[in-house]
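In what follows, a structure is listed as structure tokens, so that the remarks can point back to it.
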């Protein structure tokens, strides 16, 4: 009988028993080894018979050896799958939260999530620097849900999220609802503009998570005398905007009422010096998390610096857009302009279905200016030139700001004109060009600006217009260059022989080692300095290279792979945080009323009629203008209107006695009556019908007379509607006001009918 060929593959725990079945196994051993690989030093017969070839001589040793091999392989497979899955499974989150993350569409954590979530799960205070769109909302919502897990029957909120605006609070509420599916956590939304009475009911329903703006939350805290000793998790979202909008006093008062054992998270796009002091006072040994991509210029960035006169900036800007970037005029292709009539008639769902383009065009350009007046001027100039432009600045209305940014995100416009304050926190995923119309005064601001392009391995261009006053600032950036080009405009070529040259002392400080071509520059030339950190960018041609072009080329060492990726700086401890925050701190000048870019804004004054002098508007909130103020628990002055007694009136109107305190068990009837009544309750977006009306009086000429009569009798017995105060229409005895109103109604009916009274028959 001819022997069957061996199987080409062996299972993991397979043992060759061919030697025991065939007598001529020794003769054909070499033939078998050609087809398959034999396990080394393993004989099935010796293992079963406890032969001499076994070291430990037993089945237990063989089984243990195979189990160890299986465990090693399973462990390696799990580590590979965890690494491949992106890290959410490796963070120790519960299965319910992982399913919610998958439903949300998160597969791989963003850099800020990957660095922040493990620290938050370790109960450490964190200061995170991240722009809008980087996933920072999920970075603090995911560990919050993991920590709270389920609704607590004990009274007291356990998490507070502070947002600077109503829109951001609604966005955070949406994320909390989506990631909190499958849990019974209660979330409330407390923002200005909503009814205080409804918010009283929401707070009385014992919520677990509070999402609020500082002004309204402080109002409710003072009005309801809230005890915040149960809070364990506090988040200040967009903290730089919180301070910019004037919530410093409210935040100080809220921070004083929180327990010292809380965990505090602070997220901000930038880190001004005032925010650093707040973090030092309110956080315990915080860790600073900031992305490496926001602290250095991308190696894929190409930079060009144009030295122009003050009157040529507008022309240079149009030249860059027309001839360098090749910006198309009008509305981008594929986008149809809608009339006001169509915009009023269309539905939101139809608009989203009609235009599914969620990213800017390949010509998308952002232009940075100094003040909001420059923003309006440049936007009007570019629109007059035929470009499609969006613009935003700090004091722009929130709704208009959202519309302008949305138009640029969806590709309806190619240009976005902004200031540094307005652009803070805005994240555009794909941005081709950045133009510095007004050069920034600090290198950090320059890196923050140009860091919006050349992301994810894509090429990007950064252009800067330099004047005589801003030329020294541009010299710091030009020291990083690897190529420098100098060329002249055609209109100024005839004046080359008669031009005057500036002395080195005027343009460069003593001891500054600059080349001779910088000493020969004049204001009548258009100088272009191109900085390239990588290969030449083929997609943009600045100008044809002239013959007399002076090129200084320096080969820069390639950046390591770990530096090209996104890293994060983690600093623990107060001393380390102060040192790291000193490097990351960046104060942006106000874009409204600044005398010059980079200079602090002068205090706005108003005329005080009582004292006949000018006083600062900054002191209007401390009671100097006549408004009644009270001292809070922290010592800061807050408005006396926060203690208006509306909560006591609401409690008496709803016939509520003493509400349970922090740590006591919640009342089921109280929770059932007031939960889900507002936009942030359990039934967010739905309102419960609570109005009670008594049935109409029975009509003896109708067929359902007896049914109606029975219902009216039940309403009188239960005192529903108009029978609430007893028998009769409203009360058993009518007041003089009721009688007067009834006579007025009767007189109006008589005048309306205008019929003469019937004469008695004689």
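The chain as shown is numbered from 1 upward.
Quick reminder: no glycine exception, Cβ is built from N, Cα and C everywhere.
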Region 'Disordered' per Swiss-Prot - which of 333-363, 364-394, 395-425, 426-456: 333-363
Overall pLDDT for the domain 'Helicase C-terminal' (334-511), taken as the rounded mean: 71
DSSP-assigned states of the motif 'DEAD box' (237-240) in counts, ordered helix, strand, coil: 2 helix, 0 strand, 2 coil
